[in-house]
Amino acid sequence: MPSASNCRLYLITPPRLDDVAAFSRVFEAALKAGDVACVQLRLKDVPDDEVIEAATALIPIAHDYDVAFLINDRPDIAKKVGADGVHIGQDDAPYSEARKLLGPDAIIGVTCHDSRHLAMKAGEQGADYVAFGAFYDTATKQAPTRATPEILSWWQQLFEVPCVAIGGINVENAAPLVAAGADFLAVSSGVWSYPSDEGGPAQAVKAINEVIAATPMSLLEFDA
Ligand SMILES: Cc1ncc(COP(=O)(O)OP(=O)(O)O)c(N)n1
Ligand SMILES: Cc1ncsc1CCOP(=O)(O)O
Ligand SMILES: [Mg+2]
């Protein structure tokens, strides 16, 4: 039986930001264009100083729009820059360490790939969300697993902790994940690489919000 979806957009920054001032302008236009619940600063293989510089520029903008700001991989940097939390993967700092460092109010999300077991473990530990993926092909990361939408329906039906869908999500392919029960769609290239002659990232944020608004939740059948 279809019911209204509460799904929201979760932005992941591009993996490199060569010009933080220029990106800040694009970032603000994107946040102005439609609902965004959360932003994750995901700069890979760059010195800490670059992460700190980007976070220092982007956090005030995110907070102006009531958007939570997370740091990828690094609870220590999240604490240092005053971020709202951290996203950790299975090869990053353990959940318990991140929670100890950041305290009870921080948002801590955990990568669970396509694993029910990892998600139940993260949920029991106290994670604020569990992330499943990759749902589609993506050039942003060599994703080690491919998830199917049934895992979202399974999680949505059984647990209170929100679930995030990630991996290759864009305006065209977002709807089945909303219908399957994703609480958040985590999107990077589907927003930042949206063609400028079609309105660029701001238009992508608007269009994904329109897809979310037009898509009721209609949970899939799953194996028990
Ligand atoms: C929301 C969200 N989900 C999954 C990931 C992937 O995290 P991880 O497996 O640690 O890989 P990297 O992002 O660190 O390359 C994520 N970052 N965000
Ligand atoms: C970080 C991450 N983890 C699994 S897929 C992925 C990449 C997300 O970026 P995109 O939305 O561009 O596929
Ligand atoms: Mg990681």
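Even glycines carry a Cβ here, placed using N, Cα and C.
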Inset, instruction - According to TrEMBL, GLN40, LEU41, ARG42, LEU43, LYS44, ASN72, LYS141 bind 4-amino-2-methyl-5-(diphosphooxymethyl)pyrimidine; so which of THR111, THR215 is the extra one listed there? - result: THR111
Legend entry - Which same-chain residues, if any, lie at least 6 apart from THR111 (4-amino-2-methyl-5-(diphosphooxymethyl)pyrimidine binding site) yet have Cβ under 8 Å of it: HIS87, ILE88, GLY89, GLN90, LEU118, ALA131, GLY133
Legend entry - Close-lying binding-site residues around ligand 3 among LEU41, ARG42, LEU43, LYS44, ASP73, LYS141, where CB distance stays under 6 Å: ASP73
Legend entry - Diameter of the 4-amino-2-methyl-5-(diphosphooxymethyl)pyrimidine binding set by C-alpha atoms, the set being GLN40, LEU41, ARG42, LEU43, LYS44, ASN72, THR111, LYS141, in angstrom: 16
Legend entry - Arithmetic mean of per-residue pLDDT over the domain 'Thiamine phosphate synthase/TenI' (9-191): 98
Legend entry - Where ASN72 (4-amino-2-methyl-5-(diphosphooxymethyl)pyrimidine binding site) falls in three-state DSSP terms: strand
